[in-house]
């Protein structure tokens, strides 16, 4: 037997003769036989059915579509048809074959009539090349064999790895810029006047961080944190944020050019997905009627309401994390353990970040089971439907796009709702000493870290990114590996007594191959989607709040180098073969990335304007410092900033239930970070000056960054000139060829 001839394998339990499941299975196989499919049965602990499509199906496909397959292949020889094309066409027919009971394959799999359906990993030369040059850790720093990936997994998977490789390559420049920013903060700005003043403030007594048994503290206690904070909160950060806004645009524009080149080389630049789907429907059923475009405002309203409810739940989870941090802060401060009480604020932030990470993991699992591709899953029962039944997507592609947008929005709020609170609300809605905002009238809302609000954001992002790129990646590899080992033990063939006539079947050379493929982990239409989602969320972390965590691009770069080859190993060694799908770009993910680029400009502008101390320092320098009053050329203009940024509070104005430790009973005045008057605690004029400067900077930064993005997008053409000229020549050549077939009209004399 020639293993190359079998396009697909269907797997079923051995059902009782005459049972409902056995009858349904026979009906489905009979429908395939009517279409000319060759079916081979092998029995072991399961029933395996090898499926091979007739040649005329592929001849119809080639006649319908004038694509690369039909131009480059000989339609009279089945062996010349690319394996990826065979698998794609056969999968479509299998998924859309309807039995006399009006059931399709996904219905039968949901009812356990069939357990699995998959194409085979075959012992081809191209597979050996991919295992040697791609799916190994030792080739981690070598170029990916994109052409071989395309020939084995199809254009969609190849474009994913081409995009991921391109993104990883350009991350080198972003990572170097981030390192330079941190290095500048550690060297040039390490001796800053602001840090010196904090470290020398031995007599500046600050308000306690909790109500019960919390000591006053001296500002100089935060000296180390102040130096670390200034590494990321300095003038270089503004330049870096602007650089990353431009980098995000240049990355996408250069990818569009790379995509155009790749798509042209693969002859899919002008490929029409809708036309191909219509052609496959007609091949499967010549009486097929296309589903018309429809739009229902009622269905859209229902979907919008459900989506908003889901987002509300996610925001509620973020609020729960806020409550946890407030309660944890109070409990840690009252702890008898010296380490907990001394570093209560930092520990509360870090444990809150770990809880946020766990929330992300859990909600990722939940959202993946609330999708809209029901019925499209190939190797598993349809997913639980939550949002998209009301939408009724017309095609698989439309359903996939709807699903992508919704899941990304849910994942975005899951990942960033807590970060948004820390960046823009933490420390700004908690009130002031003597009049704190409290949760349930008891726990006061958490304040920013004593060294600045940007420190909280830095810690939160660092913890989440490190955990996501260590624990999540380890589990992403270990779970499929362990699952594969367990499946091998559980589903290996068992020796049983042979009856007359079974000897030849037991020795069939296909049996071992089919079993080996069956023992691999399942794949479905979400397998590649999950890989895209993981990297796009990482791209969001790398761009949106990068001003608070300049090392994010470096962590992303390290992760991606590992991710590429970990995905390769999973696809080649641990998972069944994915159904190859044709594509000419990365689809709706490009629009998602462009939206993230705009959010990155807004997010970084807000971080610098609101979270960072950059604006207050500049306002002080130019309006309130000694330099503003007199011409002091030798003095650092930020001298006196720290004392200027602290407000005075009188102990007598504490809330009645606040306990002050006995050793501080004689202290009458304390300081806290804010711009308030000492008598009635209203905002000072300087507060409003800073507020106006923050707003002006935000408007200026975002307009300049967006203008630069637009100029960069205009300056870099989406399609290279050589690609345009190649397409132009092909069009001209095709028209010339058609013209030769046109007979000249004879003009009557």
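Glycine residues also receive a Cβ, built from the backbone N, Cα and C atoms like all the rest.
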Transmembrane segment per TrEMBL sits at which of 236-255, 256-275, 276-295, 376-395? 236-255
Residues flagged as transmembrane segment in TrEMBL, choosing from 203-220, 329-346, 347-364, 437-454: 347-364
Matching range for TrEMBL feature annotation, transmembrane segment, among 665-690, 691-716: 691-716
Please identify the range among 97-126, 127-156, 157-186 that TrEMBL labels transmembrane segment. 157-186
With TrEMBL as the source, identify the stretch among 302-327, 458-483, 484-509, 510-535 annotated transmembrane segment. 302-327
Across the domain 'Anoctamin dimerisation' (78-146), what are the DSSP residue counts per state (helix, strand, coil)? 36 helix, 3 strand, 30 coil
